Amino acid sequence: MTMTRTRWLAAAAAATLFLAGCSGGGGARQAADQPPAAAVSQADIDQAMRTPTELTFWTWVPDIGKEVALFEKKYPAIKVNVVNAGQGEPQYTKLRTALKAGSGAPDVVQIEFQYIPTFTIIDSLLDLRPYGAEALKDKFVDWTWGQVTGKNGEVWAIPQDTGPMGMLYRKDIFDKHGIEPPRTWDEFAAAARKLHAADPGVYLTNLASNQNGAWMGLLWQAGGKPFQMASAQDIDVSVNDEVSKKLGTYWGGLVKEGVIATDPDFTDQWYQALNKGKYATWLTAAWGPVFLASNAKETSGKWRAAPLPQWAAGENKSGNWGGSTSAVIKSTKNPIAAAKFAEFLNTDPESTKMMATEQFLFPPTKALLDDPSFAEQKPEFYGGQTVNQVFAGISDTVDKGFGWPPFLDQTVSDWDETVGKSLADKSDTPAALDQWQQRITTYAESQGFKVAQ
Amino acid sequence: MTSTRTAPRRQAAGHLFIAPFMIVFVAMLVVPLAYAGYLSLFREQLIGGTTFVGLDNYVRALTDERLLGGVLRVAEFFLLQVPLMLLLGLLFALALDSGMLWLSRFIRLGIFVPYAVPSVVAALMWGYLYGPEFGPIAQLAGTLGLPAPDLLGGDLMLGSLANIVTWEFAGYNMIILYAALRAVPAELYEAAAVDGAGAWRTAWSVKLPALRPALLMALIFSVIGSFQLFNEPQLMQRLAPSVIDSAYTPNLYAYSLAFTSQDLNYAAAVSFLLGLVIVAVSYTVQLALTRRRT
């Protein structure tokens, strides 16, 4: 291998990025406990919405220009530049760089629920209360509102889409082996053993060894409270408590027995496996059905949806995996227009409906979840089952109190290298949870947090 | 008298010509390097802000087992992959230069083409070929009734990466060596022919010595490339997350520290140390090879 020209260029680009990333350095910018800013009057809002303004909006939702056009039609003075700065992590990396550099950050940005504390800890999101965001609370499913609000009632973002978790299963495989859709995790384990014994080429499910999101969703369902912030610098980390250990013992056990698979997800291998019937279920989120329908076309008509199995018979609980919000960056020069844009995008009936029916985002608004034209869709891929209705029901069963750490990237990376690795290697998962706890604690303390366990 | 008048003007012209390079060089390399060096003396925390810590980050790096592990891994990679790649490049270059190949232009292009494929694309492509169950290699093994090799497993990963890098860069090195061969004066061949040397003897006694400077350059580039290994393991990480961790290579580690751990200061210190290691190894290689020549 050689030091090629592209490498030189990449190094030079990285160096400038590095330079840009650091020039804004300096003291810590923590979210201090400040009283809410005074509310902005309706007159000010009207004035701002009539003033010619340009907003920059970072998002990875495909074709969102259609929804943006609705906003621009209603407020012709305001022009929104839609920028795709990458999906998920790449976008956050760019955002952090722009924030540090002190220029180049967007006005409005798409942020996943789990990343909100990572950005509020560096004091980069605008509290939307002065712009009337509190009044939107009742439009949204309760748990989503809990995800976007801060300790002192700040509203950090407006929910855009969600991912309450359920179970997609292959009816044909279940029927062939006489398996009923499991309603408890005990039944699920029994079904996993039975199925794999009957057909060694098939696994009841795949618990991806690289998918922290699914793990956190399952932990959420089990009642885990891994990260609680007592204040901006006091964090309670408990990813190896009783609930987590129960989860670790259960899944680690099934993995060791070899009756479920642990392939990395969203890879060629995994797509092919779904198409070829290697996995009889996919424990996924509400965005899963549409995703699967477009990525496993060969299996059309064979899938059905059901709630997740429960830890105790008769219970009805779920967790969330994924989903995102629109947040306003604090450095915006047009906070009113930016806040109103975030609000419009995610509450206007026409805009939200478009997101649910054209981009197939699973809605967080109660109105749309109850809307028959959404809930009663009968996709052929699921044999005509009203899949949206199943997940709309699940959305109500997600716990409100689940919280995220203010350094999510590190937490996820550490999970991959401890818990995820234990799943892939069939080693001791409960012990890996202890390592994970240890790594998070060490990191949090090195960043100046006080950690309670 | 004329010379005293023209000398300063000539000097000014020289400066003018070199100015564009110097400006880019200073702005893109010297300043960022100096700034990174400055940064590496601090520690910034999410809670508590920035403090001056002197050489603490370097002390931490020197005792960091994850960094050391990464350096040893790329050293192993270098010893495993580079000789093979240079040997292949050399064989291709000699074969082309022998003039005994049909369609030599076509073959030359064919061997060189992988270098034109961006390494990201190459890694994705090979990742698919390596797939443990549905990848073509595994399927072929299955058809022959053999167990599929776990090319993405912990034991074979380094070899799998070496294969990708060799595939990408053997053609590039072939071009460097081939160009050097074309520059060998014809008189040397004539002299060899007069002395009764055959094709093999000519290759060994005339061509190889003439190639030494080009080989040295290819080797130094390979040292730098190996120790900076990044793209290929980063892409394979998605396919084998439990094999390739965030400290698999020192470059990957520096990247994770900066962008996952938000620890730019420590990442800067790690990058500086990696740079020192590369300088040291390159210099050692050069010293060892040039000394042998004299």
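Placement of Cβ uses the backbone N, Cα and C atoms for every residue, glycine included.
Where the annotation comes from TrEMBL, it is an automatic prediction and has not been curated.
Counting residues 6+ beyond its ends, the transmembrane segment (B:12-35) has no Cβ neighbours under 8 Å in the same chain. Annotated transmembrane segment per TrEMBL: B:12-35 (among others), in sequence order.
If you look up TrEMBL, you'll see B:71-285 marked as domain 'ABC transmembrane type-1'.
What TrEMBL lists as transmembrane segment is B:77-97 (among others). Long-range Cβ contacts of the transmembrane segment (B:77-97) within its own chain (Cβ-Cβ under 8 Å, at least 6 residues beyond either end) map to 104, 107-108, 111, 158-159, 161-162, 165-166, 169-178, 181-182, 203, 207, 211, 215, 218-219, 222-223, 226-227, 229.
Same-chain residues lying 6+ beyond the ends of the transmembrane segment (B:109-129) with a Cβ under 8 Å from its Cβ atoms: 92, 135-137, 152, 160, 163-164, 167-172, 174-175, 231-232, 235-236, 238-239. What TrEMBL lists as transmembrane segment is B:109-129 (among others).
Residues of the same chain lying 6 or more positions beyond the ends of the transmembrane segment (B:156-181) and with a Cβ under 8 Å from any Cβ of it are 73, 76-77, 80-81, 84-86, 88-90, 92-94, 96-97, 108, 111-115, 117, 119, 122-123, 126, 130, 149-150, 207, 210-211, 213-215, 217-218, 222, 225, 229, 232-233, 236, 240, 243-244. Summarising the annotation, TrEMBL assigns transmembrane segment to B:156-181 (among others).
Sequence-remote contacts of a segment are chain residues at least 6 beyond its ends whose Cβ falls under 8 Å from one of its Cβ atoms, and for the transmembrane segment (B:210-230) they are 71, 74-75, 77-78, 81-82, 85-86, 89-90, 93, 161, 165, 169, 173, 176-177, 179-181, 183-184, 188, 249-252, 255, 274, 277-278, 281-282, 285-286, 289-290, 293. Feature annotation from TrEMBL assigns transmembrane segment to B:210-230 (among others).
The transmembrane segment annotation in TrEMBL covers B:266-289 (among others).
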